[in-house]
Structure formats: structure tokens, C-alpha cells
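If you check TrEMBL, you get these features:
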| type | residues | note |
| --- | --- | --- |
| ACT_SITE | Asp48 | active site |
| ACT_SITE | Cys51 | active site, nucleophile |
| ACT_SITE | His261 | active site |
| SITE | Glu236 | site 'Linear diubiquitin binding' |
Amino acid sequence: KPSVSPEMDIMEYCRKEWRGNTPVAKTMRKGYEAVAQKFASIRRIRGDNYCAFRATLFQALSQATQLPRWLQSEDFTMLPENLLSKYDWIKQWQLKQKPGKNMGEISDEIKKYLTLLRKKWKNISEIKSPTEKQEACDKLFKNEEEEYSLYEALKFLMLNTAIELYNADKNGRRVPVFSWLLFARDTSSNPYQLMHNHLNHIGHSGGLEQVEMFLLAYALQYTIQVYRLYKYSTDEFITLYPNDPEEDWPVVILITEDDRHYNIPVRMCQETML
């Protein structure tokens, strides 16, 4: 199955998926109608436990026109070494399909993933033609080996961001509210537990929880705007991660029916663009 399916008319998709007259089906149809005011089409994202990563990264790369600042820094690829020198427990990082690697290899592997992320982002952001950019993204998300390596890079960036936030809070600096919520969970009261009980399992036995969507947004320095269809007609129908984004962060837009699986809306309607 392709990771990102070809685009389909958004209301046609809705009619196919939500035929009945149950209250849920009615809510979903109204939600899709609202999204259809802004977007003409939808692309389905393959539903494994990586779908939040897949949808977010695909959207970010599809509209990338430059390399984000954090990807430009000289020591970006030194991150695994730097963190491992301070936090011995990172040796327990679970590499995709390669459990039980030793510390040196973990550092090298993650460095490889981070290097790949920078390279792909740079290459795609330099493509001027929108059609060619889209083709390059489609091609990347058909290459399973590379695709999953990019998700490993994102997970590691999330860990790094979590460590930064945790330390900032411990040193009395201001941190976003979601950071307190992240470390208020019994299963992630510190970065080690977050890695052990959550990040190591993403993609294998679970996807991203709500609070981890905030962490992903912070790691990428992107605002993730999500149409949460089952929340139609409530304040939470359109949710932003983070909810007080930095003004210069780019925005990616996703759709979810249940906060577990994410698809992407494409082709902004002409009126919206004007």
C-alpha cells in the first residue's frame, strides 16, 4: 500500500466513508463539509502507528521552500553524541527493527537518520516547480527504508526537545504548559521514562498521543493545525499544536476523525487563497 494515497475529492471521500444516519456519521459529514470550504481534496495516509509523523512530515516537505534554522546548525548531526555523553540511559533507545544495538552503533545510526533528514529537506525545498516538488515527496514516501529512517530522526528530535524543556523547567525558566502535562503523566515523569515508555513504542505498538503532538510541533518548530472532525461544532474542532504558536513558524494542516489516524487536506479552494 502506498504511504500517501493519490488525492480524492473530499466530499466524495466523506460520502463513501460515512453513509449512515447515526449521530457520529452526521457529525463527520458536517466536519468534512466545513473542511471542504477550504480544501478540494484529501489524501489518505497509511494507517500504521507512524501516521501522525507521516502526515506532518509529508505536509512540511510538500510546502518547504527553505531549510529550517534548526536544520542548518553545524552541530545538528552531533546531537546523538552530545546527548549520549550526558545521558547514559539513551543507550536504551530502540532502533527501528534493530533492537539491542550497542551505544556506538546507536549514535552512528541516529546520526545517519539526522543527516538523511537534512539532505531530503534541503533537496526538496530547493525544487521550484510545485509539481516537481510534489513528485519528489511522493517518491520519497514510497521508499520505505528512507521513510522510516526519517521517523526515527523525528523521534530523536522529540527526545532532545523534551530534555531541553525538562531542564529549563528544573532551572526555573518558563516552559509551555504542555511540557508540564507531558511530565505530569505517571509514565513519563522525566525524559528517560518518556523515551522508555513512549518514544520507543511509537511506530511499533502505539502512535502519538495528544500531548506528544505538541512535542512534535516544538521539535520541528512548526504549527500543526488539525481539523478534529468528531469535535465538530465545539471549540476544539480546529486545534493548534502548540496553541500559542510562534508567529514565524510555518503551518501544516491535517485532518483526523479520532485523534489516532491522520489524513491530509490538499488543493486549497481558489476563494480561500484570495
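Think of each number as a place in line: the chain as shown, counted from 1.
Any Cβ shown, glycine's included, is placed from N, Cα and C.
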Counting distance between Cα atoms, which of the active-site residues Asp48, Cys51, His261 is nearest Glu236 (site 'Linear diubiquitin binding')?
His261
His261 (active site) has how many other Cβ neighbours within 10 Å of its own Cβ?
18
Counting every protein chain present, what is the number of Cβ atoms, excluding its own, within 10 Å of the Cβ of Asp48 (active site)?
14
Restricting to the chain of Cys51 (active site, nucleophile) and a gap of 6 or more, list residues whose Cβ falls under 8 Å of its Cβ, or answer none.
Ile45, Gly207, His261, Tyr262
